[in-house]
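Taken straight from Swiss-Prot:
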type: BINDING; residues: Gly65, Pro66, Arg67, Gly68, Ser69, Gly70, Lys71, Ser72; note: ATP binding site
Amino acid sequence: MSKRKSKDLCLPVGECISKVHGILRQRLFQHHGKPFGVDSQHKHLVELLKRTVIHGESNSALIIGPRGSGKSMLLKGALEDIFGMKQMKETALQVNLNGLLQTTDKIALKEITRQLHLENVVGDRVFGSFAENLSFLLEALKTGDRKSSCPVLFVLDEFDLFAHHKNQTLLYNLFDIAQSAQTPVAVIGLTCRLDVMELLEKRVKSRFSHRQIHLLNSFSFSQYLQIFQEKLSLPASFPDSQFAEKWNESIKSLVESKLVEDVLQKQYNASKDVRSLHMLMLLAVCRVNVSHPHITAADFLEVFRLRNQDSKANILHGVSVLELCLIIAMKHLQDIYDGEPFNFQMVHNEFQKFIQRKAHSVYNFEKAVVIKAFEHLHQLELIKPMEGLSVRTQKEYRLMKLLLDNTQIVEALQKYPNCPTDVKQWAMSSLS
């Protein structure tokens with residue numbers, strides 16, 4: 001009887017929503033396992049690390065792929081698999097270096113010493129060279145022969161930045177140790193540069209194993225939809241099975257929706273980075289509440305629109321009517337003179353023509369006020385001065401360029417609160 005009750009457990013909607021938020025947020029924020037569609041790369045990396053950690057062989061490899069392709073996630077998943085193996089007699093030491101933080105070999109060596117907890121061993125000892133210092137550190141970890149020595153994994157994030165260090169001393173010595181029969185060492189570099197091998201000096205390149213693991217986000221759109229569905233579906237272990245069933249059905253219908261498919265297609269075309277998809281899903285999940293218990297196609301459309309807003313068009317919604325008039329005048333000038341730069345005096349003259357045509361003084365501002373408005377548009381970076389021109393030129397005659405196009409101005413006019421009709425008509429006449 002108790003089993004039947006637990007099976008048919010029906011929780012309040014609020015509690016179900018709270019659990020949905022907890023499960024999906026954890027799933028979208030915390031990346032576990034390995035990235036989608038990289039089974040062969042994962043297997044290759046596990047075998048490589050296994051030979052170092054378990055069999056005492058030294059190795060080196062590069063993981064290459066664009067940002068967001070899952071390089072760090074792949075390495076993390078492989079290390080979790082390695083450290084979970086029964087053959088692991090002792091924990092291997094891991095040293096993490098980042099090219100953005102360790103900007104010189106000296107800083108990198110200090111960081112290696114710190115992470116290996118060998119500050120006391122080094123003490124005030126003076127070394128003749130970088131190689132001698134690094135060899136001493138690794139010698140201090142030895143407990144006997146090669147197989148009984150503690151293996152060390154060096155992870156070099158932003159690997160290409162280490163190639164810019166003077167003489168590439170760190171890379172040379174790490175690869176040299178990995179090639180020799182000293183302490184078992186694995187050197188794994190992570191980089192987004194496909195031409196990274198061209199950055200290495202000949203002596204460094206000769207000591208590198210030339211093992212390269214490529215991650216290129218090569219999954220198809222149908223696989224992209226599969227990732228979307230898997231990430232948003234609730235597990236079978238969800239306490240309220242009826243709610244979970246309805247939720248998963250709604251997610252399935254979302255994937256089949258033409259509207260959602262179009263949104264995801266645009267996202268896929270813009271970037272195959274799974275993290276950007278996660279952010280899109282997360283914003284949609286945040287809209288779920290007691291009164292709105294399921295994600296809808298409209299939610300995704302709105303979230304996509306918010307994430308892809310035009311920042312410059314948004315700035316236009318907050319400018320004054322005078323500043324908006326000046327932008328329309330600039331656009332009119334660019335249309336007349338085929339995109340040639342303009343100066344304040346030209347814009348002011350065009351604005352005066354508009355005032356004279358309307359035969360009223362609602363927009364008849366003093367020139368000093370108009371100059372201030374023009375300067376404010378420059379501060380907002382909606383216009384910029386032309387490069388290579390003398391700064392001694394009077395500001396009224398300094399050539400400028402408009403950083404907006406027709407579509408951005410039209411969109412701003414449509415959304416501008418209480419935009420005067422005559423200003424709209426003037427804008428449309430110049431934009432038509």
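Numbering starts at 1 and runs along the chain as it is shown here.
Cβ coordinates are placed from backbone N, Cα and C, and glycine is handled just like the others.
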Binding-site residues (Arg67, Lys71), the one with most neighbouring Cβ atoms at 10 Å:
Lys71
State which of the following binding-site residues has the fewest other Cβ atoms within 10 Å around its Cβ: Ser69, Ser72.
Ser72
Would you count the other CB atoms within 10 A of the CB of Gly70 (ATP binding site), including those on all shown protein chains?
25
Listed binding-site residues (Gly65, Pro66, Gly68), ranked by Cβ neighbours within 10 Å, top entry:
Gly65
Whose Cβ lies within 8 Å of the mean position of the Cβ atoms of Gly65, Pro66, Arg67, Gly68, Ser69, Gly70, Lys71, Ser72, the ATP site, other than those residues?
Met73, Cys192, Leu215, Asn217, Asp273
